[in-house]
Each structure stands twice: as C-alpha cells, then as structure tokens.
Amino acid sequence: MKRIFEIDPWKVTTHKFSTEDKRLQESLTAIGNDYMGMRGNFEEGYSGDSLQGTYLAGVWFPDKTRVGWWKNGYPEYFGKSLNAPSFIGIGITINGEKLDLAKVNFSDFTFSLDMHQGLLSRSFIYEGKGVKVKFEFERFLHITLKEAALIQVKITVLSGNAKIDFDSTLDGTVVNEDSNYDEHFWISRGENAAARTIKVETKANTYKVPRFTVLLKESLRHNGQIIRGDVTTDKAKLSEKFSVNLHEGESYDLEKDVIVVTSRDVKPDEQDEKAAALMKKLQAKSFAENLADHTAVWQKRWDKSDVVIAGDAAAQQGIRFNILQLFMTYYGEDKRLNIGPKGFTGEKYGGATYWDTEAYIIPMYLCVTKPKVTRALLQYRHDQLPGAYHNAKQQGLKGALFPMVTFNGIECHNEWEITFEEIHRNADIPFAIYQYTNYTGDDSYVKNDGMDVLVATSRFWADRVHFSKWRNKYVIHGVTGPNEYENNVNNNWFTNTMARWLLQYTLERLPKASKEAQARVNVSDKEKAKWQDIVDNIYLPEDKKLGIFLQQDDFLDKDIRPASSIPKDQRPINQHWSWDRILRSPFIKQADVLQGIYFLNDRYTKEEKERNFDFYEPLTVHESSLSSCIHSILASELGKKKQAVNFYERTARLDLDNYNNDTVDGLHITSMSGSWLAIVQGFSGMRYDHNQLRFNPFVPDSWDHYSFKINYRGRLIKGYADHKEIKLTLIKGEKLMVTVKDKKLELKEGETTCLKD
Ligand code: BGC
C-alpha cells in the first residue's frame, strides 16, 4: 500500500515529486474524454523512468503472438491498444538549460487532477543560475469537441532574466512497451510543416485486421492570437520552435491546441480538411471558454451520478476518482467501443474487451447511464458473434465462444490456461442480457438479437460438457475459474453453475423469442432435450459436511490455511512466489464461488451465503482488482459491516493507495465500478429482481451519511441514508412502489419519502 496523493473530496493533489514514484504518479493523473486519453506525462519531457502513454479509443494493432511452445488453438495475434503519437510535447529551455525535472533544481511542486472536470494542472519553480521561473501547466481533453486537446503553460520570471526556447512537438515515433518483438507499429504517412500536421498509419499485418491512419494537427496561441514558430519535420515527427526573452516580473502564456482525427471516423484523404475545420472550431473560443463548455458537460454528468459521502474524505475521494476515471474512459457515446481494464492509462490489458465489462461495468452503467448505453454494449457482443464462432471452432467445439481478450470478437489472449480454459466468460457475458432485461423491463433485446447470443453460447456449453458414467452426471473438465491461481481444474463450481444457468435461461426465453429469431436460431427438440438434461444433471461440487460449494473437485485436498498466515513481506504472492507454489496453494486470487453467489443472488439462502463467505473469504488474497467489491457486497448483505467497509475501501482506493503494488502499469478501470456497486448494492442493499426495486440500507459507522442517484425505468431516484433515517426522492418520473427494509413505500415525483431507521 502506498499513498502519494493527498486526501481531498474533489481533487487528487500532491506537493511532492519523487523520481521513484513517477510511473505511479503518471497513472493516477491520467485523463481521457472517451475518445482518447493519456497518462500524466510532463509536457516538457522527462529523461528519468517514465511511461509515455497516449491511447486512442478503438485504435489497436494485432501483435504477432509470442509463446515458448506453440499449441494448436492459440490465437495468431495479441491485440494491443496502441501507444499513439504523443502530442503534449512542449520542450522548454531556460537560458540554455533544458527543463527536465529529472535533472534541474526546482521547488514548490504541485500536481493536481481536478475531478469536477478532469483538468490536470501542475506548477513548480525552476531554480537556475541567477534565475527563478515559475511554470504553471494546465491541460484537458475536450468532452464535447472530442478530437481536441488543450494545453496551456504560463511562465513567470520571479527573479533574474530568462531566455525561454520553446519546442512544441508531435511525435509519432512511439513504441508500445509491451510490443512482443520490439516492433514499431506506426509508419509515417507524411508531415506538413505549413499545416502543422503529421500523419501516421499502423503497419500492414497479415491477419486482415484493418489499419488505422491518424492525423495530428497543432496550433500555438499566445494571448489568444495564433503564433507561428519555425517548423522542422522528420519521419512521423514535427517540431515548432520559437523563443521569448523575459525580464524579472514578466509573464508569458502559451497555449497549444491539438486536433487528433483517426480513420475510424474520417477517411485518410479527408483528414487534413476535417482537422483544419475542427481546429477552427476549437480556436473560435479561448482556452477559458473551451474549458467552461467542457466543465458544464462534466457538471451535468456529476449532477446525475455523484455519490456523496459525508464524514470520510478518503472514501469520498475514492468513489469520485473511480466515477471520473470510468466516465473519462467510456460514457457510451460511441457504440463501436467497449471498456478496457486499463482504459487509456497503460498498456498491460489496455483498452481490450474482457468479461469485466459484463460482470462489473454493466451492473453500474445500467443505473447511471441511459439503457441505450448498456444495450450498445450488448449489441457490441452480438456483432462480434462471427469472431466467437471462430474461437469455438479453433477449440474444435460447436457454437460460439466469446473471447477473454478482444477488439473484434476474435480471441487474442495467448496463455493456454486462460485462452482455452477460462471459459466461464462464455456464460458471464450472456448473463448481462439477463441483467439488462431484469433491470430495464425491456425484453426486446432478449427476444431478438439476444437470442442469437444465448443459443450460440448454449451450443458451445452443450458440446463442452461431457457425461461422466461413473458419476452419472455431466461434468466440465480442464477449466480455470475466475480464480486464476488454479488452472486446469475439474468442475469449477462457478463455471458449472453459470453454464447451467445459461442453458436454463435460454430454454426459458426461447419460446418467447420473436418468430424471426426462433427461425434464425433453429433449435431442434433434440437439442432442447439435451440442454434440459444438462440443466437437470450437471454436477455442482459441494461438501455437505462443511455446507459449502466446492470451488473445484480437489479444493479440499489443498493445505487449507488462511491468507493471514502468509508473511506480510510475501504479499502480494504473485510478486513473491513461484507460479507452482501459487497454483498448489489454497489462496484465491479473486471471488470465485462468491462471484457465483453474487450473480445468482436470489437462488441461495442466507445460511448458504454465510457458510460460503466464511469459508472462502479468509482464503482470498484479492490480488485481482475485481475481487474486493464482490466480497464487500456480500459482507453487507450478511450484516458483516466492518468487513464490508474494509472491502469498499480496498476497492475504492485500490489505485489511490496502490494496494496491489501494480498501479504503475495503469489504473484498474474495469474494477472501478466495484466501489459504486459496493455502496449501492452493498451498503444500500439495492436489488432489482422480479420487477421489484428493493433497498436494505445501513450506514458505515465512520460515515455520517451517503447519497447516490440511479436511473430506473425512466425515473431518476436519489437514495440517502444517515444513522437515523433513509430517504428516497423521486426526482423525475412516474410514481413507483419500492421496498425498503421489507416495507413497501410509494415514491412520487418531486417528493422525498422518509423511513426512520
Ligand atoms: C483477472 C481477470 C480480469 C483481468 C482484466 C485479471 O487479473 O483475473 O478476471 O478479467 O485481470 O481485468
């Protein structure tokens, strides 16, 4: 655990700069606008250890697979979110000394991310020979003019005289740190000094993956007037230089405006014109005016989704940081996109699509965005069904297998224990169809395109199970459950349970599907009978004596001991132990049986939940960011309030406090919804099954009160709880019956309904 930013309800600020924590600081100061994003790199450059990272939504490259021993079924490539051309560069030299915080003397350092509007600012005083100069940087990625990045630097000479040389750059010679063969993925497609543009294209590939062309254009302004320096270009690079002489007390401000267009939206031969038009639009307003427009939109987003926590500033900062980062990554405005585990903040996992979206993001986004956003995420998978059929075929199986990692539906993860075995995803992804239908009450998706997904994945499972004559049951061998600290296990309870759920749900929904969908999927009676037989006879391991579901057949053979027995200096175990030791250990990376109990919550009794929680929780090391939130929600339901709060803190501040010592790689974007879920589904106990909205709130002892907002079937509802009362306000929409602590209450528009606790 390491906290390098101060606690503040609306800011992530530090006054310290340590070269050791540079990468961590960069991750935590990442900004985005759901079109592009970047780590908190310094405009003037930095020669010490750093990850210069800029990422453009949906722009990726198929990097040739690298494995030790090839296994049949491996994907040919691993898709990478591309580290895109860097456009923030404003090199600065003061009286001949290059400004580089790894080398120069400086004081009064402040670095701050304002969470109201995703504005990043940084200031410090440079102390050179006979001169002190104050630097103040600000930058943001425009939320309505998505292609625009605005950067401003204000320079004030505090003492002495300073000759400042500027070198504003566009740099397309970037390499992904995680490139398998150290390849450069970008090639130059021409630079234009007069227009201040560079154009780059992704290298040709042999996998029929579309290439991307990106055009970047810069324009500099001083006091609102366009200024033009001397431009030189090199392959995929542009540099614009000019100098100013400043005397003591004088200030100079420079604004760098950037437009980034990609071939996802604009054809390469139309990009120059489009970028020029967008730059004109950007420059019709000043930095301050553009910022005001941008902030107004952020304000609207916050009005609809802010979670207020009184009495615990660290908890408050955590949830706001998570909401901000999520919305900066994805707000559902581009249907072609999805949400990557690292969003725009790093390379490992990057912006690829994982089961994280359906399992963790959708339950929150259903409540904080319009239904069409979730619907688009469901459609995204439907549209990728051809890829999923291909994946199943690769494994020699029928039906469709959704990938663990993808950009286009085709699996691009290449570790056998995940690619071939972590197949639970193929039920978790369709589970989102159920979640959507259940929450919104809209069954038009499941009746039509959703049915294609349900049937295709059911066909996969019906082929992947086999019948054990010895057990007289269907079994599923050779899988990896959500707990990746065990591989090639048999009968992972979670996988078998979710496969069974899927077959059952498909059978239940099939007769209600549209005629067209039924004709399309063409399920025979024989197939239905087989699916029903699997539902009735699949083996779900349990231990009757302990009263628990078994994570997998051999789990109890392990040397069961609590995670608290691991010496502190050996945590996280994935950074200290050999893989062999981890696989044999009883320690669980992330919620597995408990993940199943969370998903299918209404199917288990309180006693079953309690016994499984008490057994598995002590064994769980939560070394996946996706774990603590599930434990928090179940702990809340079981009245284990202290644990619920601890797990909330771990989820909400996972990155801010670097719990798993891996935030240097980037933020854990897809687990950020977990802190929202821990509050709304956990502390407030929200459930929405069987067409009923229910709450069962409690307030953590260390908090005074909390409130949140949800969209529910055309309504906007505010929930509030303190230690004395619970209030529900129907801000907008038709009246609604809800259940709070087993009492039925009617909510009416504009009214607040109270319940004394
Ligand atoms: C987790 C997976 C998850 C992936 C991306 C891994 O560490 O074990 O469940 O999908 O990270 O977040």
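Along the chain as shown, the residues are counted starting at 1.
Even glycines carry a Cβ here, placed using N, Cα and C.
Caution: TrEMBL annotation is automatic and unverified by curators.
Pulled from TrEMBL:
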- Glu484: active site, proton donor (ACT_SITE)
- Trp355, Asp356, Lys589, Gln590: substrate binding site (BINDING)
- 13-264: domain 'Glycoside hydrolase family 65 N-terminal' (DOMAIN)
- 320-676: domain 'Glycoside hydrolase family 65 central catalytic' (DOMAIN)
- 686-747: domain 'Glycoside hydrolase family 65 C-terminal' (DOMAIN)
Taking only the residues in the domain 'Glycoside hydrolase family 65 central catalytic' (320-676), give me the average pLDDT of this model.
97
Using the recorded substrate site (Trp355, Asp356, Lys589, Gln590) as reference, state which further residues of the same chain have their Cβ within 8 Å of the centre of those residues' Cβ atoms, listed in sequence order.
Tyr354, Ala359, Pro482, Glu484, Ser624, Leu626, Ser627
What whole-number value in Å do you get for the largest C-alpha pair distance within Trp355, Asp356, Lys589, Gln590, the residues recorded as binding substrate?
16
Please name the residue among the recorded positions Asp356, Glu484 whose C-beta has the most neighbouring C-beta atoms within 10 angstroms.
Asp356
Hey, how far is Trp355 (substrate binding site) from Glu484 (active site, proton donor), Cα to Cα, in Å?
14
Sequence gap of 6 or more, Cβ distance under 8 Å: name the residues on the same chain that satisfy this around Gln590 (substrate binding site), in order along the sequence.
Pro482, Asn483, Glu484, Thr620, His622, Glu623, Ser624, Leu626, Ser627, Ile630
With DSSP as the yardstick, break the domain 'Glycoside hydrolase family 65 C-terminal' (686-747) down into helix, strand and coil residue counts.
3 helix, 38 strand, 21 coil
DSSP three-state call for Asp356 (substrate binding site): helix, strand or coil?
helix
